[in-house]
Amino acid sequence: MAPNIRKSHPLLKMVNNSLIDLPAPSNISAWWNFGSLLGICLLTQILTGLLLAMHYTADTTLAFSSVAHTCRNVQYGWLIRNLHANGASFFFICIYLHIGRGFYYGSYLYKETWNTGVILLLTLMATAFVGYVLPWGQMSFWGATVITNLFSAIPYIGQTLVEWAWGGFSVDNPTLTRFFALHFLLPFMIAGLTLIHLTFLHESGSNNSLGIVSNCDKIPFHPYFTLKDILGFMLMLLPLTTLALFSPNLLGDPENFTPANPLVTPPHIKPEWYFLFAYAILRSIPNKLGGVLALAASVLVLFLAPFLHKAKQRAMTFRPLSQLLFWILVANLFILTWVGSQPVEHPFIIIGQLASITYFTILLILFPITGALENKMLNY
C-alpha cells in the first residue's frame with residue numbers, strides 16, 4: 001500500500017498531527033471554540049492591517065489625513081478600516097472568554113500552556129495600545145501621553161525611560177514612527193507565541209468540561225472539530241461584519257475624529273472598552289506608583305492561578321461555591337469596565353475602589369479558601 005502523503009511528508013505531517021489526526025476529547029463544548037476563533041481574529045487582523053499599512057503614513061502631519069484618505073478614496077478602504085478596528089474588539093472578547101473558560105475548567109494547571117497564554121494576552125494588549133495611537137486623533141494622542149507617562153512612576157529611572165520611549169520630551173513624530181513599527185511587528189510575534197502555545201497544549205492534550213483525564217475516549221480532530229470550528233467562524237464573522245457595516249463607530253470614541261492637538265486636553269481621557277477594567281483599577285489608587293503596580297498586578301495575577309488552586313477537583317463543574325465566586329468575579333469585572341468609562345467623581349471613585357479590592361480579594365484569597373473548604377465538604 002502506498003504511504004499516505006499527509007503522514008509521511010515532513011511539513012504535512014506536522015499539519016496532520018495538529019489539525020487532522022489530533023486526538024481530541026469527545027466532550028469538549030463550545031467553550032473550546034475560542035482558541036480557533038482567536039486564530040481567525042489574528043489572521044483577519046494581520047490581513048486587514050497589512051492592507052491598511054499600504055495606505056498609512058507614520059508622520060504627525062499626515063497620519064490623520066492618511067487614515068481619512070484610506071476611508072474616502074481607497075477601494076473598500078472604509079470597510080477594511082472598520083473590520084480592523086472592530087476586529088480588535090472581537091479579538092479581546094474572544095481572549096477574555098478563552099481565559100474565563102480556562103479559569104472555570106482549571107486549564108491553568110497546564111502551566112506552560114497557561115503562562116504562554118498570559119504572555120500572549122500581554123503582547124496583544126501592547127499591540128492594541130500602540131495601534132490605537134496610529135490614527136493620531138485626540139484620544140490617540142492623549143491616551144499615548146497618559147499611558148506612557150505611567151512609566152515615570154518607576155523610581156530613579158522612570159523619567160529617563162519615558163523620554164527614551166517617546167524619543168523626545170513629549171509624544172511627537174518619533175513616538176508615532178516607533179509605535180507604527182511596533183504595531184507592525186508585534187502581531188507576527190503573537191503568531192510565533194501562538195505556535196509555542198499550541199506546542200505546549202499538544203504535549204498534554206486538551207482539558208475537558210469534566211476536568212478529568214480523557215485518554216480512553218478520544219476522537220479525531222477532523223472532521224468533528226474542524227466542522228465545529230467552521231461553525232464558530234461563521235458565528236463570529238457574522239456579528240463582526242454586521243458591526244463593521246451597520247455601526248462601525250459604536251465602540252470608538254467620538255474624540256478621535258478630531259486631529260491630535262497637544263494644546264487641548266479632552267474632558268475625559270479613557271482607553272478603548274477592553275482596557276477599561278484595568279484603567280478603573282489604575283484610577284482607584286490615589287498614588288501614581290501604587291496605581292501603576294495595581295494596573296500591572298490586575299493582569300499579572302493570572303500567572304499565580306496554578307499556585308492558588310487548592311481544590312482536589314480540577315474543574316468548577318461540580319464545585320458550586322467556586323462557581324458562585326467565579327460569577328461574582330465576572331460581574332465585578334463588568335462593574336470595573338463600567339466605572340472605567342465614567343468621570344472621576346463621586347460615586348464612581350468609591351465604586352471603583354470597592355470593585356478593585358473585590359477583584360484582588362476573590363482571586364488571591366477567596367478562591368484558594370473556597371477550594372480548600374470544598375475539599376473538606378467533600379471529605380477529600
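From the backbone N, Cα and C atoms, a Cβ is placed for every residue, glycine too.
Marked as heme b b562 binding site by Swiss-Prot on the basis of similarity to another entry: His84, His183. The annotation heme b b566 binding site is assigned in Swiss-Prot to His98, His197. Annotation source Swiss-Prot lists ubiquinone binding site at His202, citing similarity to another entry. The transmembrane segment annotation in Swiss-Prot covers 34-54, 78-99, 114-134, 179-199, 227-247, 289-309, 321-341, 348-368.
The structure, with features from Swiss-Prot marked on it.
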residue	record	Cβ within 10 Å
His84	heme b b562 binding site	20
His98	heme b b566 binding site	21
His183	heme b b562 binding site	22
His197	heme b b566 binding site	21
His202	ubiquinone binding site	14
Between the transmembrane segment (114-134) and the transmembrane segment (227-247), are there three or more CB pairs that fall under 8 A, provided the residues in each pair are separated by 6 or more in sequence?
no
Inter-residue Cα distance where the pair is His98 (heme b b566 binding site) and His202 (ubiquinone binding site), in Å:
17
Top stretch among 34-54, 114-134, 179-199, 289-309 for CB pairs under 8 A with the transmembrane segment (348-368)?
289-309
Roughly how many Å separate the Cα of His197 (heme b b566 binding site) from that of His183 (heme b b562 binding site), to the nearest whole number?
21
Distance, His98 (heme b b566 binding site) to His84 (heme b b562 binding site) (CA atoms, angstrom):
21
Which one, 114-134, 179-199, 289-309, has the most C-beta pairs under 8 Å toward the transmembrane segment (34-54)?
179-199
Long-range environment of the transmembrane segment (114-134) - Cβ separation under 8 angstroms, sequence gap at least 6:
56, 58, 63, 67, 88, 91-92, 95, 98-99, 102, 107-108, 140-141, 143-144, 147, 175-176, 179-180, 182-183, 186-187, 189-190, 193-194, 196-197, 200, 271-272, 274-275, 299-300, 302-303, 305-306
